[in-house]
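Here's the structure we're looking at; comments come further down.
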Amino acid sequence: MAVQMEYEKDVKVAALDGKKIAVIGYGSQGHAHAQNLRDTGHDVIIGVRPGKSFDKAKEDGFDTYTVAEAAKLADVIMILAPDEIQQELYEAEIAPNLEAGNAVGFAHGFNIHFEFIKVPADVDVFMCAPKGPGHLVRRTFEEGFGVPALYAVYQDATGNAKNIAMDWCKGVGAARVGLLETTYKEETEEDLFGEQAVLCGGLTALIEAGFEVLTEAGYAPELAYFEVLHEMKLIVDLIYEGGFKKMRQSISNTAEYGDYVSGPRVITEQVKENMKAVLADIQNGKFANDFVNDYKAGRPKLTAYREQAANLEIEKVGAELRKAMPFVGKNDDDAFKIYN
């Protein structure tokens, strides 16, 4: 199904005007949404638990409250805490303070779609999901444009939920460059699949496998790192800018021929079947339940996965090589760490 891109001119109702907005969480997305909305003239407060994020929000000039206090004061509440803590945060501090006619928003549909959070029928539920990390949402806004976003309505109690979603997207700068309407189901399942099968899980597994093939064949680990990881950014940037066509126009004929001949030997029909199995586990809720149950148990699986990943040879080789390349990593990493 084709969807139509919408822009600022399509946001017909200033649905956030006169509303008190509470951004719950001051992490990667939270700081960006809050600051952008404030800069577009909206009345924004922050709800966050005591700690570094609380202090940072106050330092940035926001009226900062506990989550419960902010939820009680607000008309529109955007929950931007990590997915795994949203349920307990909502049940303990937000739900008891909701009133009929309030609106609750999310930047990802995980907890609503999989029904970890159930919002009363007299409250709107909407989504504004920028397609980029928070530091980029903020930086591009300050530069005069923005990051595209998806928007959705899960529950329209007041008849105004879509207007709120679109006006929120406008307030954070996304409508400057483009909005796409979606559903909670579609955004959640596609987002998780993209992360797991391609962007994060698939990509890192592909890089690691390539590194292992080369080093096991006797090639120097340092050279293998450059071939399968370091140069990845150069290729991805070309695809990002102009699709596969621009990338293939920019590489050598040798590389292009090898692309066509060998790509299908690596990503076979069996790999596609494996991807379908990943999608099925997302659709039926298995992944979501496994993730939430691991969090509730103290994150034993996630902790073990992190330790295993940190000890990969490619990570150790890369850390040493990057010391000799000071130009690598000069971006927003330090700013990003502040908010996580």
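One-based numbering along the chain as shown.
Any Cβ shown, glycine's included, is placed from N, Cα and C.
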Swiss-Prot NADP(+) site partner of Y26, G27, S28, Q29, R49, S53, D83, E84, I85, Q86, selected from G134, G144, G146: G134
Sparsest Cβ surroundings (other CB atoms within 10 Å) among the recorded positions R49, H108: R49
Cα-proximity to H108 (active site), 10 Å cut-off, over binding-site residues G134, D191, E195: D191
CB within-chain contacts under 8 A for E231 (Mg(2+) 2 binding site), separation at least 6: none
Cα separation, S252 (substrate binding site) to D83 (NADP(+) binding site) (Å, whole number): 43
Pairwise Cα distance for Y26 (NADP(+) binding site)/E195 (Mg(2+) 1 binding site) [Å, integer]: 23
Neighbouring C-beta atoms (10 Å sphere around the C-beta of D83 (NADP(+) binding site)): 19
